[in-house]
Amino acid sequence: MANVVVIGAQWGDEGKGKITDLLSRSADVVVRYQGGVNAGHTIVVDGRVLKLHLIPSGILYPDTTCLIGSGTVVDPKVMLGELDMLISNGIDISGLQLASTAHITMPYHRLLDLAMEKQRGERKIGTTGRGIGPTYADKSQRSGIRVLDLLDEARLRDRLEGPLSEKNQLLETIYGEKPLDPEEIIREYLAYGKRLAPHVVDCTRAIHEAASDRKNILFEGAQGTLLDLDHGTYPYVTSSNPVSGGACIGAGVGPTLIDRVIGVAKAYTTRVGEGPFPTELSGSLNDQLCDRGGEFGTTTGRRRRCGWFDGVIGRYAVQVNGLDCLAITKLDVLDEMDKIQVSVAYELDGERIDYFPSCSEDFARCKPIFETLPGWQCSTAECRRLEDLPAPAMDYLRFLADLMDVPIAIVSLGASRDQTIVVEDPIHGPKRALLSA
């Protein structure tokens, strides 16, 4: 038995969906522990492209239980849309479970999210506009609506009365928006609750029962380390904790239940929205990475900012998450490059540093110090074993493993499941990896 956390080691969009999908074959339970529909992952199965935002990738395996944990925030309309999409594709959803204590994104959360971002003007933070921040804010202020509230009309009315009155006042007087009708909301969300009811469970009890039965549990994070509310590039962050420690809080387990932590990182770096990005490229190189990598957000459709691999934030992700091994994705995107650069340190105000500054203003002044490696200029998309890779590609992977001081367990070379080199099974294999410096 092994219980594994999968996290993003960059700014999200690292390809966690594919890696989680691969690992779900060996998992009995997959738990999404934080975030909401602001995240998105794309999975290609038998030529079908499936885009999910909230439901764990493990739903594609009929014998796998998929649990949306207490640390998530749930937009029931979007979730039910995903369920309908899966059903229309012939996918069994009977294994899906939803924590009764997960918080609900309400209509006023989305309206406030968009209104506040608009009001920030040039100081915008790049929100997806899905209401995630306001939902988590209400959770912290103890005025949120939870899944269990949608199952009881009297309780929903009681919980909604105060928050909705307050939000309507904000919408009208501050943002010039029309107030929301409480009866419409109650009817709509009770209907959502009725459809979701068969999937609602006690999250902590369900996970601990699985652990007692010695089942393999996979904890799936959304977004990435540098978007973590406490450890990321604040204020250009999400409103939850994608780091591995967030799995314990969002799923309701102690740290001793976690056996291994896997970090997922692209062979280069991307970022969506605002915020500092030291290795960001411009011009034709940026366009080449964006076009070859299909770098457009699953959730927003926004074009991602692209840059070279940043070993400084990579080492930081290793430390913050306690990574045991790495999955490197999209190596094939670099196939046509004649040379590849990797940031090994920064220059900050004339001084060389090898750490991630906690102040975003300092981080914005950091200039990358690069090492240049030769490209391989041939296709890796059909490689299925390490020995199939061209020598410069192997050298590049070893360089990353040495730079981050963590071994590589998985290499992804395309969107399809079979476009993968599994150096080591992170769930059933020994606690080691074969690809290191």
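For all residues, glycine too, the Cβ spot is worked out from N, Cα and C.
What Swiss-Prot records for this protein:
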ACT_SITE  ASP13  active site, proton acceptor
ACT_SITE  HIS41  active site, proton donor
BINDING   12-18, 40-42, ARG304, 330-332, 412-414  GTP binding site
BINDING   ASP13, GLU14, GLY15, LYS16, ASN38, ALA39, GLY40, HIS41, THR128, ARG142, GLN223, THR238, ARG302  IMP binding site
BINDING   ASP13, GLY40  Mg(2+) binding site
BINDING   THR298, THR299, THR300, GLY301, ARG302, ARG303, ARG304  substrate binding site
Residue pair GLY40 (IMP binding site), the residue listed as 'active site, proton acceptor' - Cα distance, angstrom, rounded: 8
Recorded positions: HIS41, ARG302 - member with fewest neighbouring CB atoms within 10 Å: ARG302
Residue, out of the binding-site residues LYS18, ARG303, ARG304, whose Cβ gathers the largest set of other Cβ atoms within 10 Å: LYS18
Residue among recorded positions ASP13, ASN38, ARG302, ARG303 with Cα closest to the Cα of LEU331 (GTP binding site): ASP13
Pairwise Cα distance for LYS18 (GTP binding site)/GLY301 (substrate binding site) [Å, integer]: 19
Subset of recorded positions (ASP13, GLY15, THR128) lying within 10 A of HIS41 (active site, proton donor), CA to CA, in sequence order: ASP13, GLY15
Top Cα neighbour of ASN38 (IMP binding site) in the set of recorded positions ASP13, GLY15, ARG303, LEU413: ASP13
Residue among binding-site residues GLY12, GLY40 with least C-beta crowding, 10 angstrom cut-off: GLY40
Densest Cβ neighbourhood among GLY15, GLY301 (binding-site residues), 10 Å radius: GLY15
